[in-house]
Number of protein chains: 4
Amino acid sequence: MKKIAVFTSGGDSPGMNACIRSVVRSAISLDLEVFGIKYGYDGMIRGEIKKMESQSVSNIVQTGGTILKSARSEEFRTKEGRKKAYENLKKHGIEGIVAIGGDGTFTGANLFYDEFGIPVVGAPGTIDNDLYGSDYTIGFDTAVNTALDAIDKIRDTAASHDRVFFVEVMGRHSGYIAIQSGIGGGAEMVMVPETSTTIDDVISKLREGRDNKKGSSIIVVAEGDAQGSAHEIAARVKIHTPNMDIKVTNLGHIQRGGAPTAFDRILASRLGLAAVEGLINGQKGVMVGVIDNKITYTNLKLSISKSKPLNQELVRLTKILSI
Amino acid sequence: MKKIAVFTSGGDSPGMNACIRSVVRSAISLDLEVFGIKYGYDGMIRGEIKKMESQSVSNIVQTGGTILKSARSEEFRTKEGRKKAYENLKKHGIEGIVAIGGDGTFTGANLFYDEFGIPVVGAPGTIDNDLYGSDYTIGFDTAVNTALDAIDKIRDTAASHDRVFFVEVMGRHSGYIAIQSGIGGGAEMVMVPETSTTIDDVISKLREGRDNKKGSSIIVVAEGDAQGSAHEIAARVKIHTPNMDIKVTNLGHIQRGGAPTAFDRILASRLGLAAVEGLINGQKGVMVGVIDNKITYTNLKLSISKSKPLNQELVRLTKILSI
Amino acid sequence: MKKIAVFTSGGDSPGMNACIRSVVRSAISLDLEVFGIKYGYDGMIRGEIKKMESQSVSNIVQTGGTILKSARSEEFRTKEGRKKAYENLKKHGIEGIVAIGGDGTFTGANLFYDEFGIPVVGAPGTIDNDLYGSDYTIGFDTAVNTALDAIDKIRDTAASHDRVFFVEVMGRHSGYIAIQSGIGGGAEMVMVPETSTTIDDVISKLREGRDNKKGSSIIVVAEGDAQGSAHEIAARVKIHTPNMDIKVTNLGHIQRGGAPTAFDRILASRLGLAAVEGLINGQKGVMVGVIDNKITYTNLKLSISKSKPLNQELVRLTKILSI
Amino acid sequence: MKKIAVFTSGGDSPGMNACIRSVVRSAISLDLEVFGIKYGYDGMIRGEIKKMESQSVSNIVQTGGTILKSARSEEFRTKEGRKKAYENLKKHGIEGIVAIGGDGTFTGANLFYDEFGIPVVGAPGTIDNDLYGSDYTIGFDTAVNTALDAIDKIRDTAASHDRVFFVEVMGRHSGYIAIQSGIGGGAEMVMVPETSTTIDDVISKLREGRDNKKGSSIIVVAEGDAQGSAHEIAARVKIHTPNMDIKVTNLGHIQRGGAPTAFDRILASRLGLAAVEGLINGQKGVMVGVIDNKITYTNLKLSISKSKPLNQELVRLTKILSI
């Protein structure tokens, strides 16, 4: 292998730049040429491919977002689109690619690998931490800390007014951000897609808190919870608790940006190097990850089809600590 | 004057604790006894009044919220309620009070002063910076920095995806948070209650940006803008700009909490001392503030009836810098 | 087991309060009575022991330091001192203790357990991450992020002036903080006690950087590096590089404080529960930890006598990424 | 006036980039061409002058440091050096310059203006806030908040161990950072060059605190205090207070970097516009500033020769609040 390329795709996550930097510098350190593809699959099709040097990635380890930009590509969903993309890679002599992104990115990468046989290593870049084959994804730790920082601020207000706050965090199919920011934020309850919590459960918990002289309560809701959005849940709870002062906040897009935490920068750096070494060592059609703090390679098919269960220890911990 | 009391009322704002601390320690330094009233007017009626010592306010200068808590009081709107409150003050020998809060707090304070003649000095504690009689209110600078920090994070995502973001910040009647966080965040446009911006203006600005090769744009919307909420505005803009990738975030309650900035701690500390000295020097029925960096006392009636105009220099600055 | 106690000892670390909270609430949830001992071993001897309720630990999960305070105890080094301490525990009917701290704390705990047979479970609370028997210690992740935040700031200045910065971080015997903040901060070099780096190595690296047109360089030095302090190293390097603009910063005590990160709050919460369950299940004379993300109990003797090697993968990563 | 240039010089300060951005965009908005000069006077001599567009300053409002870099210039101290610099400006048709920096920068700017008559407007960019002619300098508010954030962390440790901390902050000739971070951080004492504090004063204050049952104390020392560095002061105090646990931290260079606060971004934006408008309106040999929140222009000679006194209200406030 002489030449590889790297790109980001799907929703951005903090640490993607640290991962790009690691791929570029690892490649150069290991005597490869390395190219950056802008705007993900879309840029691959349009030929937005440029050689990168060590200096191209100076001073980005600390930045959110992605210098290679990201975009959705309808065209890549077509056979012709993928063919164009492949030909652009060939034109530059690119023999292997590192795809940084999530579920959707890897579905495309897997198809691309199946059709054209080009070695692909995926690096898990998503705040949701929902990828099978890695204990952590790049951006998750930062997103949790951003959510936590917001919950800390909200607690100030909740405590000053003896209020109940419903805080909605990201996680359409996964409660990872919710459960971690909930435990970290000392939440009274966490509602996640993986477990079933009824409106009655919420009401009981709030009444129990009131009986135990809790002034305020915080309930963290993952956006994908079966009971609906935080606003919907709060509205239904309110009907039964007319004397409680209930407020709702949806943290929204702030969870995607910001300077990555140390954890995410180091994870991104490790995975970037491991992705490059994977390509050199003949890995293809895999996602690189860390399991029990060790580098692993998981078949892309597996990583996109299997789901990662929520840590039940944390679910139990939430209950024990919220008395 | 021998004994005074302090309380917080209305929405909490970062720096209220620094102000409470300053009132308490200034009073003690100037040989007064000082009492804390919990839960604002409500606690005054219920008699939640306790003597405070220098140690009672240790280690709170850096905390958000208010250790004296805050609450709405229906009862204080009645003559009987206010009478009970006054009698509770008398019982403790309290001869003057410092009321930390906003518009609503001062309306109550003014009425109370009119009816019972008890010397009241208000200290402006609200994130909205909308009080006539002070260039700045306690909590405003922190709220602006919190909003700015969120906008910085959102810009990472906006820039990575070439997106347009509408960001809603607090300010029902006032565009102060919006204009300051907009300039600080490099927003392309700021929509505030004080000026009129049409949907067409927004669309023109976005198209102009696109023509000038701006990848992304951020539009900050004060919650009280005449065109509606950020969600409503974005929905109407979207109809005319189907090819733009438009997202909306409402920052919500995180703007109220958090550790106060240096600016707010110092402002709060200065105003706390000035409130106590005001009482000692015979001020009554006034709000303490800073104008051109000097301590001033403004009649409460004025401060609640007159509105503070938005700084037009900042409005112009936004336009010049968003090219 | 009916009654247990918890205390903190040695240098404070962020997350100790989250751990205290978890011990207290876990104990109550699992039907134990729980006591807090103030000022570590010193308070145990002086009898500063108080029953704790669920509310005693409200609103502390997000705070740095330790509400139970910490102190050195000369008296506990004597047999009589330890006897007094033991009798105070007996007086309250305390049958097991959770000791939150580091090396020194556990040495005392181990001796105490040996002499009096009282079940002790240690929870690793130290920013140094140098305890055998746990992949992470409570406070380490926060300290790394604090150091990283400082390095990010320093990089702004270094880059603006094309400067070389030596940044000293904590770690008398261990390079964990240095290596992680170095990788995260994009440092050109990391000097740690576990590996040998000569002054010539530093000079070569800086010259290599200059030849590669690096404007600025950052070198992170663990306080325990064999070459001396950052100031000493910089002075020796300067002699040979008179044209380089070299500055030094020692981050010092800011690394110990601050609101704990999500990682540290969750780790502290998990270890607190596991410590209590350990006591209930008959563990004694052990330290609770996490290895490969699973709860483990390691004999205290082992944990204080064996050293935890630095992750060699990270050492290699630093070199590869600093080209 | 058709063409102007902007540069930064001297120590960098947070908000310089926001000011550069404002100069560039204001110039373009007002139909001027604008050039950026790299590395201050040094780059002016070497001819590192480049035209800037609106896009040249995209996405920098939030960054620390200076994209135009800064450097010392020995050559500019010579007549020949300044002549070369002037000729380089002429070559590009530059008719006016905006110099962002502090004392040293303005001394050079003033000389340059005197000798060659080229219109110069200085913008005060320094964390020290020591320039006559402006209530605030760009970077000061950020530096104070950075110092405050550090003091907040240190307080966690101080309180946990009942310690005395001496914290040294920047300010060789000026106590502004010290007094503001001291009040904001709830310091027991602030030692600044403008007032005289003896070692005996420190010892009395610490003993008084101990007698009042203060667990911990924080003393903020400006680097230019007459009693010496924080380390020296602490060493002398220690001799007389052997039973106190005294620690020292020097915050160092972290105070110069980091994302600017809202206050600094807005100040920098206002001053950038005012500098450009100043040039257009015939200002020359002046520094732009804000006094009582209004834009002012002060003769450069005045601004470098007169000193700005410390706010005595804040000195008194420190004493009152530290009981």
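Each position is counted from 1, following the chain as shown.
Backbone N, Cα and C atoms are what each Cβ position is placed from, and that goes for glycine too.
TrEMBL labels come from automatic prediction, so no person has curated them.
Here TrEMBL flags C:Asp128 as active site, proton acceptor. Under the heading ATP binding site, TrEMBL lists C:Gly11, C:Arg72, C:Ser73, C:Gly102, C:Asp103, C:Gly104, C:Thr105. Residues or ranges marked as Mg(2+) binding site in TrEMBL: C:Asp103. Positions annotated as substrate binding site by TrEMBL: C:Thr126, C:Ile127, C:Asp128, C:Arg163, C:Met170, C:Gly171, C:Arg172, C:Glu223, C:Lys247, C:His253, C:Ile254, C:Gln255, C:Arg256.
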I need the CA-to-CA distance for C:Asp103 (ATP binding site) versus C:Lys247 (substrate binding site), whole Å please. 33
Here the recorded positions are C:Arg72, C:Ser73, C:Thr105, C:Asp128, and the Cα closest to that of C:Ile254 (substrate binding site) is found at C:Asp128
Within 10 Å of C:Met170 (substrate binding site) by C-alpha distance: pick out those among the recorded positions C:Gly11, C:Ser73, C:Gly102, C:Gly104, C:Asp128, and say none if nothing qualifies. C:Asp128
Near C:Thr126 (substrate binding site), meaning Cα within 10 Å, which of C:Gly11, C:Arg72, C:Ser73, C:Gly102 (binding-site residues)? C:Gly11, C:Gly102
Around the recorded ATP site, report the further residues of that chain (criterion: Cβ within 8 Å of the mean position of the Cβ atoms of C:Gly11, C:Arg72, C:Ser73, C:Gly102, C:Asp103, C:Gly104, C:Thr105; site residues excluded), sequence-ordered. C:Ser9, C:Gly10, C:Gly40, C:Ser70, C:Gly101, C:Thr107, C:Gly108
Given the binding-site residues C:Ser73, C:Thr105, C:Thr126, which one's Cβ is surrounded by the fewest other Cβ atoms within 10 Å? C:Ser73
Sequence-ordered list of residues in the chain of C:Gly104 (ATP binding site) that lie 6 or more positions away and have a Cβ within less than 8 Å of its Cβ, or none, is C:Ser9, C:Gly10
To the nearest whole angstrom, state the Cα distance for the pair C:Lys247 (substrate binding site) and C:Thr105 (ATP binding site). 37
Please report the number of other Cβ atoms within 10 Å of the Cβ of C:Asp103 (ATP binding site). 17
Listed in sequence order, which of the binding-site residues C:Thr105, C:Thr126, C:Lys247, C:Ile254, C:Arg256 sit with a CB under 8 A of chain D? C:Lys247, C:Ile254, C:Arg256
When the Cα-Cα distance from C:Gly102 (ATP binding site) is computed for each of the recorded positions C:Asp128, C:Arg172, C:Arg256, which gives the smallest value? C:Asp128
Those binding-site residues listed as C:Arg72, C:Lys247, C:Arg256, and which of them has the most Cβ atoms within 10 Å of its own Cβ: C:Arg256
Hey, which of the binding-site residues C:Gly102, C:Arg172, C:Ile254 is the loneliest by Cβ count within 10 Å? C:Arg172
If you count Cβ atoms within 10 Å of the Cβ of C:Gly11 (ATP binding site), leaving out that atom itself, what do you get? 23
Secondary structure of C:Lys247 (substrate binding site) (DSSP, helix/strand/coil): strand
Same-chain residues six or more away whose CB lies under 8 A from the CB of the residue listed as 'active site, proton acceptor'? C:Gly102, C:Thr137, C:Phe140, C:Met170, C:Gly171, C:Arg172, C:His173, C:Ser174, C:Tyr176, C:Ile177
